[in-house]
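*Asks:* These came from TrEMBL, pasted as-is:
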- THR296: active site (ACT_SITE)
- GLU254, THR296, ASP470, HIS471: Mn(2+) binding site (BINDING)
- HIS411: substrate binding site (BINDING)
- 246-534: domain 'Sulfatase N-terminal' (DOMAIN)
- 12-30: transmembrane segment (TRANSMEM)
- 45-66: transmembrane segment (TRANSMEM)
- 73-95: transmembrane segment (TRANSMEM)
- 117-138: transmembrane segment (TRANSMEM)
- 154-172: transmembrane segment (TRANSMEM)
Amino acid sequence: MKLKIKQSFFEYRFFFIASAFLWFKTYFIYKTAFEIPMDNVMQQVILFINPLSSTLLFLMFSLYFSGKNHRRMIVLISAVSTFVMYANMVFYRFFNDFITIPVLFQTSNMGDLGDSIFSLIEPLDLLVFADIIVLAVWMNRRNYAPKRASRKQIGITFAAAIAIFIINVGIAETERPQLLTRSFDREMLIKNIGTYNYHIYDAVIQSKAKAQRAFADGSEITDVENYVRANYKNPDPKMFGKAKGKNVFLISVESTQNFVINETVNGKEITPFLNDLISDSYYFPNFYHQTGQGKTSDSEFLLDNSLYPLPSGAVFFTHAQNQFNATPELIKKHGYESAVLHANNKSFWNRDIMYDSLGYDKFFSLKDYEVTPENSIGWGLKDKEFLQQSIPHIQSMKKPFYAKFITLTNHFPFTLDEEDEYIPEWTSDDGTVNRYFTTVRYTDEALKEFFESVKQAGLYKDSIFILYGDHYGISENHNPAMSQFLGKEITPFESVQLQKVPLIIHMPGQKGKVMETVGGQIDLKPTIMHLLGIETKNDIQFGTDLFAKGRQDFAVLRDSSFITKDHVFTGSVCYDKTTGEKTDSKACEALGERAKAELGFSDKIIYGDLLRFFDKNVHTEKMKQ
Ligand code: GP9
Ligand code: MN
């Protein structure tokens with residue numbers, strides 16, 4: 001037995017040598033050609049082992065061949081894999097990102113790359129192919145002619161590759177839960193599952209989207225149009241155009257839930273600045289986030305498109321190639337320049353690619369900020385720094401602008417430097433919840449300073465400010481501490497109520513008021529457009545203007561729960577809002593149908609890329625009838 005194993009190793013020695021070459025080389029390229037940040041030793045380990053499973057799997061195909069063909073396959077597979085790595089290296093030099101299939105086929109990108117490809121290639125790059133030359137020469141000896149491997153040998157190799165892959169993904173999942181279902185970031189995928197596996201993963205996602213798109217046809221958009229048309233509500237004439245021509249500041253307040261507003265912890269206000277701001281703004285205390293697995297990116301999707309994000313995965317990743325009619329694109333025709341400002345890696349949530357599809361003119365990302373260990377915490381640049389450093393960026397923009405600022409400090413695990421703690425942590429048994437209040441308080445302070453700087457920069461008067469929470473910060477895992485804080489049991493009904501996030505619309509020079517209407521992030525697009533005096537009645541959208549007189553109190557969450565004026569429906573149970581008690585399910589029936597229809601239509605649009613069939617002019621004609 002032992003001898004047999006030894007013999008197999010010897011017989012297929014070039015298979016093992018080539019595997020080792022490819023494995024170590026890939027790791028070497030990770031370390032030298034890409035800038036992949038490493039937070040801990042575990043991540044180093046993952047990075048080191050991640051090329052191994054695919055290397056074994058690919059080279060396994062050579063075992064099906066004997067003699068000369070076996071040798072050729074080894075060289076060929078090594079060469080193709082190396083070429084994939086090399087293509088990523090060159091691509092990275094130009095785009096500072098890894099290749100993703102749609103980008104590769106985007107002609108504009110290839111054009112950019114084509115022009116400069118020679119300046120991106122360096123003589124030393126040849127070293128990447130050195131092992132292949134060595135393999136080709138060394139192996140090319142007639143007396144090295146192994147037999148075709150036995151089924152058992154191939155089976156063992158296959159099992160080993162899969163086992164290593166499972167171990168790899170297993171450790172990666174502990175580092176990054178839901179890595180594969182939520183996608184997150186190309187860099188993170190490469191770091192965790194390796195370049196080769198990442199390309200396979202990317203190919204699967206893209207082909208799935210392509211297939212669904214191919215089966216869709218133009219007639220499907222008609223039902224959606226009819227639905228949207230029937231639910232359209234005219235804007236309040238008093239509010240329509242109220243902010244015409246103003247700059248738009250959209251501020252995504254990370255993980256901020258509505259329950260912290262006007263609330264204290266240990267007698268200290270959690271959001272003193274926001275509480276003040278609310279007193280001369282429109283404030284919506286019954287406003288819900290509607291995000292799914294795509295978290296911040298889902299909130300952005302809702303905001304810019306008035307479509308729902310997907311039931312699983314992040315639409316920013318899976319359907320960035322779709323046709324959209326997003327706000328940045330629409331307001332361009334009204335003279336607006338649009339930008340996103342966010343001090344994180346530009347490929348996080350596939351933002352760099354999605355923002356192009358949404359029609360954003362500019363994206364100020366990590367590379368546009370000065371980020372040092374001193375001015376960073378947790379996920380990156382501290383909010384105060386981020387917002388201050390954003391001022392020159394917006395000053396550089398054409399007016400009027402539509403600019404989305406994405407804050408980050410109040411992100412799980414809610415860590416802060418001591419100097420940034422304006423209120424002490426809370427004192428329950430749950431560290432996450434305790435820290436949450438303190439980081440929310442910090443972001444509140446950062447926003448206060450930002451408003452001061454905006455005023456100093458002379459940008460305040462001609463702007464409107466829309467601040468919204470992107471999604472929850474405290475998950476249901478923390479119900480005991482939340483229940484202690486709120487002084488009540490967290491029932492499924494209360495859990496839905498906790499999905500409220502603040503929405504504050506501040507228009508300098510106007511008083512504003514508290515708006516009790518029930519709504520969600522899907523309503524932001526028509527609300528903003530109408531304030532700017534831009535019609536939306538011909539757009540495909542599922543939201544309704546939050547100021548519209550005839551609007552229905554209604555918000556559908558991504559898990560199909562929904563909230564109306566008097567009821568909350570969740571987990572197949574209808575609750576009375578005033579008592580929080582279960583009530584006759586009939587009361588929720590009518591709007592239940594609507595909630596289902598709406599999510600269904602929105603998903604259909606995304607899966608089928610249906611907006612490519614949408615002709616606004618035909619829709620306009622129908623609206624007139
Ligand atoms: C990352 C930021 C936070 O860029 O958007 O991500 P999240 O986990 O909140 O979606
Ligand atoms: Mn977020």
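We count from 1, first residue shown onward.
Using N, Cα and C of the backbone, Cβ positions are placed for all residues, glycine too.
Note: TrEMBL annotation is automatic and uncurated.
Can you tell me where each of these features sits in this structure?
*Replies:* The secondary structure of THR296 (active site), as reduced to three states from DSSP, is helical. Neighbours of THR296 (active site), defined as other CB atoms within 10 A of its CB across all chains, total 24.
Under a cutoff of 8 A between CB atoms, and with a sequence separation of 6+ in the same chain, the neighbours of ASP470 (Mn(2+) binding site) are SER252, VAL253, GLU254, SER255, THR256, HIS289, THR291, LYS295, THR296, SER299, GLU300, ILE406, VAL501.
Listed in sequence order, GLU254, SER255, GLY378, TRP379, GLY473 are the same-chain residues at least 6 apart in sequence whose CB falls under 8 Å from the CB of HIS411 (substrate binding site).
For the domain 'Sulfatase N-terminal' (246-534), the model's average pLDDT works out to 96.
Listed by sequence, the residues of this chain that lie at least six past the ends of the transmembrane segment (73-95) yet keep a Cβ under 8 A from its Cβ atoms are 14-15, 18, 21-22, 25-26, 29, 33-34, 54-55, 58-59, 61-62, 64-65, 103, 109, 112-113, 116-117, 120-121, 125, 128-129, 131-132, 135-136, 139, 195-196, 199.
Through the fold, the transmembrane segment (154-172) approaches residues 42, 45-46, 49-50, 52-54, 56-57, 60, 63-64, 179-180, 192-194, 197 of its own chain, all at least 6 residues removed from its boundaries and within a Cβ separation under 8 Å.
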*Asks:* 10 Å Cβ neighbour count around HIS471 (Mn(2+) binding site)?
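*Replies:* Result for HIS471 (Mn(2+) binding site): 22 other Cβ atoms within 10 Å.
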*Asks:* Under a three-state reading of DSSP, tell me whether HIS411 (substrate binding site) is helix, strand or coil.
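*Replies:* DSSP call for HIS411 (substrate binding site): coil, neither helix nor strand.
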*Asks:* Can you list, in sequence order, the residues of the same chain other than GLU254, THR296, ASP470, HIS471 whose CB lies within 8 Å of the CB centroid of the Mn(2+) site?
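*Replies:* Residues close to the Mn(2+) site, other than GLU254, THR296, ASP470, HIS471: SER252, VAL253, SER255, HIS289, THR291, LYS295, SER299, ILE406, HIS411, GLY469.
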*Asks:* Just counting, how many other CB atoms are there within 10 A of the CB of GLU254 (Mn(2+) binding site)?
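*Replies:* By my count, 23.
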*Asks:* Grab the same-chain neighbours of the transmembrane segment (117-138) for me: Cβ-Cβ under 8 Å, and only residues 6 or more beyond its ends, written as numbers and ranges.
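*Replies:* 14, 17-18, 21-22, 25, 29, 74-75, 78-79, 82, 85-86, 89-90, 93-94.
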*Asks:* Reduced to three states, what secondary structure does DSSP give ASP470 (Mn(2+) binding site)?
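*Replies:* Looking at the DSSP assignment, ASP470 (Mn(2+) binding site) belongs to neither helix nor strand, so coil.
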